[in-house]
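K.L.:
Pulled these features from Swiss-Prot for this protein:
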| type | residues | note |
| --- | --- | --- |
| BINDING | 65 | nitrite binding site |
| BINDING | 65 | O2 binding site |
| BINDING | 94 | heme b binding site |
| DOMAIN | 2-148 | domain 'Globin' |
| MOD_RES | 68 | phosphothreonine |
């Protein structure tokens, strides 16, 4: 799967808006993930105790983790598909230490699309959404291949 230059332009254009408030976007994305798929919360010892959206919004740890997640994803997106070096340690930790199923990466991808659309409706139309979906699908496909190399069937 390959994105065109025009698709990468759309992806990186919206990502520039994310970078204006990485922690805030990350927090919103994690809250969206946890609300939509509460089972994902069980993978996070630091956040298991957070039961309400208000508790999640008040959590500095959640905000910090959202920043970490989106900083890593931004680094991957900026490589425009040439993300082998960035992907390897991420796949290693998510497969062997955290045991995060690929399905959960689909869930967070959906949360990313949802939050970007709700925060930036004028800048995240159908073309940009399709491009971001394609970029996130490429990421998931490549991380799934790494999982397989590591013997994790997540």
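Using N, Cα and C of the backbone, Cβ positions are placed for all residues, glycine too.
Each of the listed features needs to be described in terms of its position in the shown structure.
P.N.:
Of all the Cβ atoms in the protein chains shown, 18 others lie within 10 Å of the Cβ of residue 65 (nitrite binding site).
In this structure, residue 65 (nitrite binding site) is part of a helix by DSSP.
Within 10 Å of the Cβ of residue 94 (heme b binding site) there are 22 other Cβ atoms, across all protein chains.
This prediction places the mean pLDDT of the domain 'Globin' (2-148) at 96.
Cβ neighbours of residue 68 (phosphothreonine) (same chain, under 8 Å, six or more residues apart in sequence): 26.
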